[in-house]
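Quick one: the structure is below, questions incoming.
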Amino acid sequence: MDPATEQKLNTAKQFKQTADQAFKEGKIKEALMSYHSALMYLNGLDKNAMAAVSGKQNKPEPDPNGGAPTSPKTEADEILEKVYANMAACHIKNSNWKRAIETAAKALAKNPDNTKALFRKGKAECEDGYIERGIRTLEEVKKKNPAEAASVDAEIARFRALDAQKEKEHKKKMKGFLNKAEKKGESISLSDKDTSGLASTFASGAKIEEVA
């Protein structure tokens, strides 16, 4: 490894270690800053130089699923994977769900079997309001790591309970709204002459909610 590449890699490792310690101490802002610094050095490394050091240059790794061979992973890739996964944990602490999803996805792009990143992605998706999508992601964690099934099931149960509570509160608000409307004489009966227009409005709304 040439001195410049080695220095960048070592500096990135130092920033990651500093970030890891800050996270353990609950200093989330400081942790994120150090993780970002690590990313700057890791993304600036020469891929060919790193591959040459690992002895995997020009030797694509076969895809176990039968797909096209993938580029060999370097030490920088392995550190990047951990940095992105840890950044996802930081964003979850900050309730920044979208950034948590993004960084977890980047970790998974480096290693689809990183169950920590997968768990964080699923958790953030649920917290961001995409309950069913998040639960599907969490179910994948159980498939990849059955040992974590109990923890994952507990998290899924928590989100299902929260979703049920939100639905209950929504129905309660709607009931209150309809009661107020009735008192003001603003209720709309399905026997009114505007029934067809009302039905088409609901139908239109339903299509908007559908996936493309």
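The backbone N, Cα and C atoms fix where each Cβ goes, glycine too.
All TrEMBL annotations are machine predictions without curation.
According to TrEMBL, the protein has these features:
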REGION    52-74  region 'Disordered'
REPEAT    81-114  repeat 'TPR'
REGION    165-198  region 'Disordered'
COMPBIAS  180-195  compositional bias 'Basic and acidic residues'
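I'm curious about the neighbourhood of these features; can you describe it?
Confidence in the repeat 'TPR' (81-114), given as mean pLDDT, stands at 98.
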Tally the residues of the repeat 'TPR' (81-114) by DSSP class, grouping H, G and I as helix, E and B as strand, and everything else as coil.
27 helix, 0 strand, 7 coil
In terms of Cβ proximity under 8 Å, which residues at least six beyond the ends of the repeat 'TPR' (81-114) contact it?
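Apart from its flanks, the repeat 'TPR' (81-114) reaches 16, 19-20, 23, 28, 31-32, 35, 38-39, 42, 73, 120-121, 123-125, 127-128, 144.
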